[in-house]
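Written out below as structure tokens is the structure these notes cover.
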Amino acid sequence: MEKSCKLKLCPPSCLFLQVDNQTFHTDRPDLPECFQLSVLSWLPCIYLWAVCPIYLFYLQRNNRGYIMMSIVNRFKTVFGLALWIVCWADLFYTFHETQQGHSQPPIFFVTPLVLGMTMLLATFLIQFERLRGVQSSGVLFIFWFLSVLCAIVPFRSKILQASIPDKLRFTTFYFYFSLVVCELILCCFNEKPPLFSNVVTDPNPCPESTAGFLSTITFWWFTSMAIKGYKVPLEAKDLWSLNQRDRSGVVVPKLLKEWEKEHAKAQSEQNLSSQAVYSKPLPATTNHIGGGGGEGGGESSPEEVEVLLAKQKGTPRQPSFLRALIKAFGPYFLIGSAYKLLQDVITFVNPQLLRMLISFTNQKDVPEWWGFALAFLMFFTAFLQTLILHQHFQYCFVTGMRLRTAIIGAIYRKALVITNAAKRSSTVGEIVNLMSVDAQRFMDLTTFLNMLWSAPLQIILALYFLWQNLGPSVLAGVAVMILLIPFNAVIAMKTRAYQVEQMQYKDSRIKLMNEILNGIKVLKLYAWENSFKDKVLAIRQKELNVLRKTAYLGALSTMAWTSAPFLVALTTFAVYVTVDENNILDAEKAFVSLSLFNILRFPLNMLPQVISSIVQASVSLKRIQDFLSHDELDPHSVDRKNAATDYSVTIVNGKFTWAKEDPPALHNINVMVPQGSLLAVVGHVGCGKSSLISALLGDMEKLEGDVSVRGSVAYVPQQAWIQNATVRDNILFGKPYNEQKYRCVLEACALTPDMQVLPGGDMTEIGEKGINLSGGQRQRVSLARALYSEADIYLLDDPLSAVDAHVAKHIFDNLIGPEGALKGKTRILVTHGISFLPQVDNIVVMVEGRVSEMGSYQQLLKENGAFAEFLRNYALEDIVEEDEATEEEELFPDDALSNHTDMVDNEPVINEAKRKFIRQISSVSADGENLRNRSVRKHGCSVRKHPDPSPEKMKKQPGMEKLIQAETAERGRVKMKVYLEYAKAVGPLLSVFICFLYGCQNAAAIGANIWLSKWTNDATRNETQKNVHMRVGVYAALGIAQGILVMISSFTLAMGNIGAARKLHLNLLENKLHTPQSFFDTTPIGRVINRFSKDIYVIDEALPSTVLMFLGTVFVSVSTMIVIVSSTPIFAVVIAPLTFIYIFVQRFYVATSRQLKRLESVSRSPIYSHFSETITGCSVIRAYSRHSAFVLMSDMKVDENQKSYYPGIVSNRWLGVRIEFIGNCIVLFAALFAVIGKDKLNPGLVGLSVSYALQVTMSLNWMVRMTSDLESNIVAVERVKEYSETKTEAPWEVEDKKPSSDWPVEGNVEFRDYSVRYREGLDLVLKNLTLSVKGGEKIGIVGRTGAGKSSMTLCLFRLLEAAGGEITIDEVKIADIGLHDLRSKLTIIPQEPVLFSGTLRMNLDPFERYSDEEVWKALEHSHLHKFVSSQSAKLELECSEGGENLSVGQRQLVCLARALLRKTRILILDEATAAIDLETDDLIQSTIRTQFEDCTVFTIAHRLNTIMDYTRVLVLDKGQIAEFDTPANLITKRGIFYNMAKDAGLAQ
């Protein structure tokens, strides 16, 4: 037999017969020589030759530069050649033998020949890779690994053979073996990076690019960052640079190139179709615009022809963005898909191995090594699966990352060049959404996209194996699964609806909180906190109700998700045993089916998710595609090269429109501007002045005519566009800094004095939209930018309207005018200021989009046309304006923030921030200098070149900078205390009960499975039929119990979480309403709002789901350990080391990933804010042709963001590989110990412990993720806690000290030795005041800014607590009574009227204490009666946020109406500064004189004429009483008051 076999090429029958005899049934297995020589030797060769063509093609395409020959490389090559020699030595020896007459079977020729060729190929690959810059080769690594693996068998069998028949082949084989092992070892080492690669130049390169093959597949290269992140919290500087291939500079052009191709294709198709249309002889009526009117009669009009043809052709194809994406990123993504396919197939190997293992334990007389082989095979396939799966994820995530980069880049580039019509169709917010939401959707989709084909594939494979296992009864289980899908879908639909509803409640709650915090001072002064607290809590209650409904649904879906595999198993097994008497459920069938059902669970759950996210992404795709298909501005509409003429700007027969479908905005425009002249453009509002400028910039659509502009352009838009950068950066705008030139520019634009007032000089960071500059300052910065750019042509769109008259004059004289800094340049100035017109060279008068006349000032006056009429209209107003300006100038010299009208801005938020800023600044600037001097200094600033900031200011500055403390970010681990705090909020007993429920539910699950293993053991004892019903019944009972327990536990948990959320929010709200005013002065509102929005959201929604998952995974992992230990107790030995490794890895991961998440979220918002800023300023960016610089900036911001996102992805992969390795070890040991103790174990238990072990990997992995999420989410509890425990003010009501209800009867107020300071550690604001005021007196309080006037009123309300002394009202010390008792008895009309959104009635009387007629009466007295009764809603008139829909004067009157309603004995009037008109002021004064005749009135006066008839006047100076007497006496004393009165023109 042996001989005949040797002669042929090993006939197969003989081969496998030998294999069976020699291998399977011995305790010392061996493979026959024939098998060793053929199959084992050829495997690696087949692999290498198969992969080679693809690999060579890949290397041909990807050249990274060559690598210098290194020692390792030389050794590899030498060994490769040696291997070739060794193999062919065998071949020649066989020839030699044949000649000697020992003819050998063909196999001895074939194998050495093939091996030798393969070794040559391998040697060639080693060199070719070096030339192509591959540092470590996966292909060759796998080849050498396979070779060693296949050579181990002959290595062993040659040792086992006692005699050595064939000396030469024996020695060559050992040479061969040792060389292959050496090659494998050398293959693990890395080559140096290629010459000239960017790795060498990069300061912090990503180690991935230089990582070896092993390091890449196990993500070992990430370890260095994990360690660093564990030692110290990571910072931005620790992050690696982005790989070249992931950067915007590479990714975006790739997509744009494909998109351009798509565009071109669509364009050419359209052209073809249009040619087809016009190839027909057209009817004669075409020259008529109407087309086919009367004369055409029977002929069809061209429009119809087109329509007919279009119908045949199909509508013109839109370029497909999807196709562009697929072409750009598809190939890379396909590699990931290939990995996924491989992984799906390998997934099904383990259940088959499990079946063999169980059957192995069933048989008694089989060799031990089978079991061990199976155990190691299980481990090996699981490990391979892990590596492949994570490679797949890596490819998908990187594709997603590139998609996002590319989409953001494409949208940004597009936004800079779209036409105005297109810009109108989508708001800034929408475009930013395209960037943030839609790009994100694509990114999320790519991770799941492969599930589209992989899920059905997995389902089909699983069903196929199940069918083999259990036959048709599988269908019962599948039916259950399919029934669960609509159930889950319905739950998902409802949940989504609830989410939308909850978002609405959340938004309204945040809006209300925002108002409360913005108007907190008013709430305190009026003692209205409770009313608003109730409003917030009412909304919160609705919100929690929705949350509770969501929790019910969540509990149901959790139940469905956990019980699904069980229900399926139950139905399948029940059907299986009952259908046929002969069907016996044994361990093999039961546990293999269970593990297959577990595989099924994932794809079935994923499919609906994937489909819904595909639907979402397709909507996003459509939106992005529409945006990218918008029309672009024609860059050639303005001719910039024309250099022949003397005119630097010419428009000939220009006709322009904003959008193609609109009527033209400018008709036959003919303008020629000589080089170096100053042209003014005037005309009424809306006559097309700004449009003319836009036409010159090329921002409008040109319908007819020619425009040429010679030279570079600087543009100042009507609304200044300011970047979120320093003042200096805004002015330089990308030009290099030149000290002297910069100083001159500041001087010319009157910015020098402003720079001294700003906290950081010209390095002050300006907020978004220039929030901390006044309108005038913004405009001047915009002018400075233009001047600094040194262009040839200046287009100035009404730059002087936003600044005060005297500043406008300064700017015109020093900058624009004939003697200004720009003389000799071409300047086009749109203006309303008539006073400048005599000084310009030419004037263009625009009327309704046409040039009505053009010429010099004198010429136009003579013509007496439109211009003269225009002058007559405007001259009067202009003179009045100038007068007013100068008057106001003297009274209120405009300090750092120029005009006061600016205060009434239309954006409440900005307004608020601006006011805050103004307050800070005025406290800095206006201290200690007399009003008069300041006004002079402003005008004198051009004389003294660069005055040094006064030392006093220098002293003040640090204090001001520190006004707002930096927010403390938590770093490092979260303390145990926080978890306990949360448990306490949930309720200590409830927390314990929840854990107990989780324990029960897992006990039920284990019980069911143990019962199953007992049931399957019936099969071995042949007593199956006796108790089928009992077995099925108990199994069902245990399973259903588990389902119900799951539902109860997740529901209880949700209830506990909602309770905690309610408690935490309530404590936060209560505390914030009790917090003293000083806290709000030093804490930005955004920070407090953040606690109410972001952190409460986390506690409401993110935290509960995280806790749920966390508890679930922890208990599953623990129960797995319990099951395995109980079936094979020796397993307990392994638990300790594995747990140690697990915790070790987990700590590294959590520390690093938490910080990476923080860095990622911090670097994300600049992308969007920079983008929205760019959109608003794109005409300026284009005018200065800074287009490409801004694209670069955006790309840098995106790359900066991806720099922290990428390690985040990799950290997850790194973790996955490590944790799954631990899981695989658990499988290995569970199987090993089962094999070792197989005599004592029954197959049921083996099945149980190994199938549990196979599941554990997933839950271990999730457990780490959840720990990490839990850590980052529990921080919210900490932050909310921190703000719920800030220091509170005095109690609102003190029961035993309550004053009588009619207190104060008289209204006597007395200060005794009273001192006060704003906050601890600051100077006293009022020093030892002593004065007494009788009831009914009217007191005026005057003094310079910062003298302590407002502080006095705040003391009466105890917004500031005394530092010494006391205040008594009607013999009651105010320090002893409750704050509400005090504040509800005083009334204030504050300086800034604050209204809350809600009805007018609510604003007047939030507690509903007064009847309607009382309210109407108050309105009548406050002169609002007429206005309110004219409104349809009357008292129910809705006030918008901040009272925006009322004028400032009306708001002031509403405050007066509040005071009239309350009608207390003491009234404090903080007179409004300049934001209010004189008329309203007089109304208020007269009302107060009549209505509050018998009350004590304190008025803080700014206009002295209002208090000249008061009983007494109190003059404060530096916190002390300077003078206190009747006005008449004070004037005769000729002190401070006299001087003030003289300045105001009230005294001689």
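Quick reminder: no glycine exception, Cβ is built from N, Cα and C everywhere.
The compositional bias 'Basic and acidic residues' annotation in TrEMBL covers 945-959.
Summarising the annotation, TrEMBL assigns domain 'ABC transmembrane type-1' to 334-616 (among others).
Look at TrEMBL and you will find 649-873 (among others) tagged as domain 'ABC transporter'.
Under the heading domain 'ABC transmembrane type-1', TrEMBL lists 992-1272 (among others).
Per TrEMBL, the feature domain 'ABC transporter' maps to 1311-1543 (among others).
Feature annotation from TrEMBL assigns region 'Disordered' to 938-959.
Under the heading transmembrane segment, TrEMBL lists 39-58 (among others).
According to TrEMBL, the feature transmembrane segment maps to 78-95 (among others).
Annotated transmembrane segment per TrEMBL: 107-126 (among others), in sequence order.
Annotation source TrEMBL lists transmembrane segment at 138-156 (among others).
What TrEMBL records for 168-189 (among others) is transmembrane segment.
Distant neighbours of the transmembrane segment (369-389): 24, 27, 29, 217-218, 339-340, 342-343, 346-347, 349-350, 353-354, 356-357, 360-361, 1216-1217, 1220-1221, 1223-1225, 1227-1228, 1231-1232, 1234-1235, 1238, 1250, 1254, 1257; these residues of the same chain sit at least 6 beyond its ends, with a Cβ under 8 Å from one of its Cβ atoms. Residues annotated as transmembrane segment in TrEMBL: 369-389 (among others).
Annotation source TrEMBL lists transmembrane segment at 448-467 (among others). Long-range neighbours of the transmembrane segment (448-467) within the same chain, counting only residues 6 or more positions beyond its ends whose Cβ lies under 8 Å from a Cβ of the stretch, are 333, 336-337, 340-341, 344-345, 347-348, 351-352, 392, 396, 474, 477-478, 572, 592-593, 596-597, 599-600, 602-604, 606-607, 609-610, 613-614.
Under the heading transmembrane segment, TrEMBL lists 473-493 (among others).
The annotation transmembrane segment is assigned in TrEMBL to 985-1012 (among others).
Outside the transmembrane segment (1032-1054) by six or more residues, the chain places 548, 551-552, 554-556, 558-559, 562-563, 566-567, 570, 573-574, 577-578, 990, 993-994, 997-998, 1000-1001, 1004-1005, 1007-1008, 1011-1012, 1015, 1104, 1107-1108, 1111 with a CB less than 8 A from a CB of the stretch. Annotated transmembrane segment per TrEMBL: 1032-1054 (among others), in sequence order.
Here the transmembrane segment (985-1012) has Cβ contacts under 8 Å with residues 566, 573, 590, 594, 1031, 1034-1035, 1038-1039, 1041-1042, 1045-1046, 1048-1049, 1052-1053, 1055-1057, 1059-1060, 1063-1064, 1111-1112, 1115-1116, 1118-1119, 1122-1123, 1244, 1248, 1252, 1277 of the same chain, all six or more residues outside its ends.
Same-chain residues lying 6 or more positions outside the transmembrane segment (78-95) and placing a CB less than 8 Å from one of its CB atoms are 104, 108-109, 111-113, 115-116, 119-120, 122-123, 126, 168-169, 172, 175-176, 179-180, 182-183, 186. The largest share of C-beta pairs under 8 angstroms with the transmembrane segment (1221-1238) comes from 1130-1150, of the ranges 39-58, 138-156, 168-189, 473-493, 1130-1150.
Sequence-remote contacts of a segment are chain residues at least 6 beyond its ends whose Cβ falls under 8 Å from one of its Cβ atoms, and for the transmembrane segment (168-189) they are 72, 75-76, 79-80, 82-83, 86-87, 89-90, 93, 136-137, 140-141, 144-145, 147-148, 151, 154-155, 158, 212-214.
The list of residues near the transmembrane segment (107-126) in space but at least 6 beyond its ends in sequence, with Cβ under 8 angstroms from a Cβ of it, reads 9-10, 34, 37-38, 41-42, 44-45, 48-49, 52, 55, 73, 76-77, 80-81, 83-84, 87-88, 90-91, 94, 137, 139-140, 143.
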